[in-house]
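A short write-up of the structure that comes next.
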Amino acid sequence: MKSGNENGKPIRDGYTSPIILRTGKKLKNRIFLNARKVDYMTTKILKLNNPDSYSKNIMIAAQALLSGEIVAFPTETVYGLGVCADNESAVDNLYRVKQRSREKKLSIMIARPDDAKVYVKHIPLIAEKLINSFWPGPLTIIFELEDNSTVGLRNPDNRVIRDLINKVKKPIASTSANISGGPPAIDAQQVITDLSNKIDVVLDGGPAEAGNPSTIIKICDDTYKIIRHGVIGKERLNRCLNEDCFSIRS
């Protein structure tokens, strides 16, 4: 939309308008801000409760991801934000919108447990035990790689995000749908309240089932460390792993 200035001349869309300082009706001074392009975004909300439009809306979200856009989606824990992991510009934008420190890595969402082998050449026995016991489900596993870097993988137990991953056919880098330090969104309305016009698409799949974040575990050889407590409690993890004499690191 174009609007006029005090002389009736249009102001170009996408640029800051001049600040006018007035005393009474007399023009006191005019200060022009440096011309700065402003990006305007309208968040698209796609509801998934209609079977007739479900596949179409998943496709729209997949195309948005492939175009470098940020998409919010439900999981079995909380709502997440995702971008294509191989798009550096999109990843940078996600960090900016989230206001997240680059020291905190994003997780990679995978559609099937076997997809972990794409990222991790050698999966330790302790990780196999966790995968067999808790995937698909609310567990993120951080693996140490041969180059001394790490990768966090999660196979979510939610149809929407798995369908989205399968449609994109690329890894999706993900984080919870909130501004860093704030509570994670548990429904689409909360995503919209926190991030409207900052992200491109919201897939509205209704309230998240758990309402709490996933548990994060880091694997090192035959030991594990709980990085973040979540839906899967320490007791369940201990029962699962202590059967095979795996130990927890403090």
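Here the Cβ of each residue, glycine as well, is placed from N, Cα and C on the backbone.
The structure displayed is predicted, hence computed values, not measured ones.
Annotation comment: TrEMBL describes THR77, ARG154, SER214 as L-threonine binding site. Cβ contacts within 10 Å of THR77 (L-threonine binding site), excluding its own Cβ and spanning all protein chains shown: 28.
Per TrEMBL, ATP binding site is recorded for ARG100, THR150, SER176, ARG228. In the three-state DSSP assignment, the secondary structure recorded for SER176 (ATP binding site) is strand.
Per TrEMBL, domain 'YrdC-like' is recorded for 55-232.
Taking the mean position of the Cβ atoms of THR77, ARG154, SER214 as the L-threonine site, the remaining residues of that chain whose Cβ falls within 8 Å of it are THR75, GLU76, VAL78, SER107, GLY137, PRO138, LEU139, THR140, PRO156, PRO213, THR215, GLY230, VAL231. Taking the domain 'YrdC-like' (55-232) as a whole, pLDDT averages 96 in the prediction. Distance between Cα atoms for THR150 (ATP binding site) and SER214 (L-threonine binding site): 18 Å, as a whole number. Taking the Cα atom of each, SER176 (ATP binding site) and SER214 (L-threonine binding site) are about 10 angstrom apart. In this structure, ARG228 is the one among the binding-site residues ARG100, ARG154, ARG228 with the smallest number of other Cβ atoms inside 10 Å of its Cβ.
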